[in-house]
Amino acid sequence: MYLITLLSTIVPILLAVAFLTLVERKILGYMQLRKGPNVVGPYGLLQPIADAVKLFTKEPLRPLTSSVSMFIIAPILALALALTMWTPLPMPHPLINMNLGILFMLAMSSLAVYAILWSGWASNSKYALIGALRAVAQTISYEVTLAIILLSILLMSGSYSLTTLITTQEYIWLILPSWPLTMMWFISTLAETNRAPFDLTEGESELVSGFNVEYAGGPFALFFLAEYANIIMMNALTTILFLGAYNNPMAPELYTTNFATKTLLLTMSFLWIRASYPRFRYDQLMHLLWKNFLPLTLALCMWYVTMPIMLASIPPQT
């Protein structure tokens with residue numbers, strides 16, 4: 001039974017990832033006044049399937065000087081972690097209802113750094129290594145603000161469990177009382193998932209393709225799947241944290257529809273941002289975090305800690 005529930009989560013995620021690639025290419029196409037993929041199937045709808053078949057039937061080449069075991073493990077680890085992070089997400093019922101769901105997700109996203117680092121190092125290529133080091137520095141840096149923002153939100157909800165956030169937001173979305181946090185959270189998720197304008201790891205102009213430059217066929221597809229699964233997961237988490245979907249216990253399907261719509265809109269905004277903005281310079285990326293976001297989030301965290309104490313009240317205990 002547990003295997004069925006696991007598959008009923010993983011299969012739709014992978015399907016969503018497949019069609020997200022198509023949506024991205026379509027949006028970028030129309031924003032650049034062209035059609036995008038429109039040959040395979042009606043309106044290009046079968047393009048993701050054709051891409052998958054092409055990638056997985058290719059020979060998985062690897063450089064002679066590469067470290068074999070790490071080179072193979074890295075993409076598998078990346079996808080495994082990307083899928084593991086979905087377990088505590090309430091949709092409206094999580095796969096595993098964890099008391100420390102948020103902490104688990106932070107730990108998993110930190111582990112994803114290893115997959116990138118190993119892939120860059122095991123490739124034995126200068127470009128891949130520089131791309132991997134950039135990715136690691138960027139991910140670790142932005143995780144600092146993500147953790148502080150999460151702490152501030154949890155102070156409002158009163159529990160580390162994600163399901164409590166649904167109850168907290170019955171009357172008001174947390175985006176309204178904590179909009180500065182929401183803005184910084186959204187920009188940090190862009191950086192965390194290595195998306196434009198923070199896609200320095202894949203800087204085509206200087207690093208060819210970044211940490212996955214030496215990968216071909218299947219392993220490359222696994223990295224690709226992991227990246228897009230992370231994008232959807234981050235937007236799902238944003239929806240749960242700030243745009244709490246309406247939850248009626250009598251009709252849980254309403255929650256799922258509401259949740260999916262908001263996640264889709266946020267994901268579309270990721271693609272819109274990619275089509276609109278140029279890439280940041282590396283030092284600007286770091287300055288934005290360490291000199292702007294970090295002091296601001298720390299100050300706001302202090303504010304959210306002191307407010308209940310000043311008003312002599314505590315958040316609801318669960």
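Quick reminder: no glycine exception, Cβ is built from N, Cα and C everywhere.
Feature annotations, courtesy of Swiss-Prot:
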type	residues	note
TRANSMEM	3-23	transmembrane segment
TRANSMEM	70-90	transmembrane segment
TRANSMEM	100-120	transmembrane segment
TRANSMEM	146-166	transmembrane segment
TRANSMEM	171-191	transmembrane segment
TRANSMEM	222-242	transmembrane segment
TRANSMEM	254-273	transmembrane segment
TRANSMEM	294-314	transmembrane segment
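Nonlocal intrachain contacts for the transmembrane segment (294-314), taken as residues 6+ away from its ends with a CB within less than 8 angstroms of a stretch CB, comprise 144-145, 148-149, 151-152, 155-156, 158, 178, 180-181, 184.
Beyond the ends of the transmembrane segment (254-273), by six or more residues, the same chain brings 20, 23-24, 27-28, 31, 91-92, 166, 186, 190, 193, 195-197, 231-232, 235-236, 238-240, 243, 245-248 to within a C-beta distance below 8 angstroms of the stretch. Contact between the transmembrane segment (3-23) and the transmembrane segment (222-242) is supported: at least 3 Cβ pairs lie under 8 Å, counting only residues 6 or more apart in sequence. Among residues of the same chain six or more beyond the transmembrane segment (100-120), those with a C-beta under 8 A of the stretch's C-beta atoms are 70-71, 73-75, 77-78, 81-82, 84-85, 87-89, 94, 128-133, 135-136, 139-140, 143, 146-147, 150, 154, 160-163, 192, 201, 211-212, 215, 223, 226, 230, 237. Counting same-chain residues at least six beyond the ends of the transmembrane segment (146-166), those with a Cβ under 8 angstroms from any Cβ of the stretch are 88-90, 92, 94, 97-103, 106, 109, 174, 177-178, 181, 184-185, 188-189, 192, 240-242, 244-245, 247, 255, 294, 297-298, 300-301, 304-305, 308, 314-318. If you look at the transmembrane segment (222-242), the same-chain residues 6 or more away from its ends with a CB under 8 A from one of its CBs are 13-14, 16-17, 20-21, 75-76, 78-79, 81-83, 85-86, 89-91, 105, 109, 112, 115, 119, 150, 153, 162, 165-166, 173-175, 178, 182, 185-186, 189, 192-195, 212, 215, 259, 262-263, 266-267, 270.
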